[in-house]
């Protein structure tokens, strides 16, 4: 009994030396340490506040991936302007307004290089951008090719070349839709209509074009641009004929340019046909063209 009393006396002496604690007036404090939230309220330090939310630990890799999925970046905005221009290019060609059509086409070709350069130079690459960029390229090729091939237009592109260009893009488009669906199931476990089209909130794959595909896009742009120039030269030649039936030096110069451009246009068509086939094969055989992203959580 003497020992117990002595211990109690010693404990009370130690407690009396402590600073006073005010459980009622102490405010709610949150201590954040090692990604864990601890709540303190009154005397119960281990009780979690009902309003506090669990912390989701995000790895450094997935944090960088979330940053890479930014949508409103300068390269993506430029790409969206390209997508918006493509229907007008086809419409202007069908209406015979070749100058605005060729101007918009030139803008799309230049910005196709520009948005990629800005993304690499200023570290603005994004997952959405890797999907928007090929979509913009394919829409540009589809609208312009149709306008230069269909009977309502100029019919300057042979059906064989147009079939290769459009066929490859259609096949890749359907393949991309299937890949999107299967990757949604793989990454998120389920898929619905809203999540399928929400590339910002639910990214699943990152697209890396093959080298031959980049060359194919380059040759297609030159090919279609030359087609527009041929139409302008043809209209200029017809206008000169109406003004001077006997012909003049300017008319002969235009005719020479038209013949040279037609020859180059024909050979470019062969190159485009070959690179289009090789590009389609490269996407099928490549293991790095489309990579599935980890789950963002």
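The backbone N, Cα and C atoms fix where each Cβ goes, and this holds for glycine too.
Quantities reported herein were computed from a predicted structural model and do not represent experimental measurements.
Here's what TrEMBL has on this protein:
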TRANSMEM  71-94  transmembrane segment
TRANSMEM  100-119  transmembrane segment
TRANSMEM  131-150  transmembrane segment
TRANSMEM  215-233  transmembrane segment
TRANSMEM  267-285  transmembrane segment
Do the transmembrane segment (71-94) and the transmembrane segment (131-150) share at least 3 Cβ pairs closer than 8 Å, excluding pairs fewer than 6 residues apart in sequence?
yes
Out of 100-119, 131-150, 267-285, which stretch has the largest tally of CB pairs under 8 angstroms to the transmembrane segment (215-233)?
267-285
Under an 8 Å Cβ to Cβ limit, what residues of the same chain, 6 or more beyond the ends of the transmembrane segment (131-150), are close to it?
76, 79-80, 82-83, 86-87, 89-91, 93-94, 101, 105, 108, 112, 115-116, 156-157, 159, 162, 165-166, 169, 172-173, 199, 205, 207, 209, 217, 220, 224, 227-228
Near the transmembrane segment (267-285), which residues from the same chain, at least 6 beyond its ends, have a CB less than 8 A from one of its CBs?
157-158, 160-161, 164-165, 168, 171-172, 175, 210-213, 215-216, 219-220, 222-223, 226
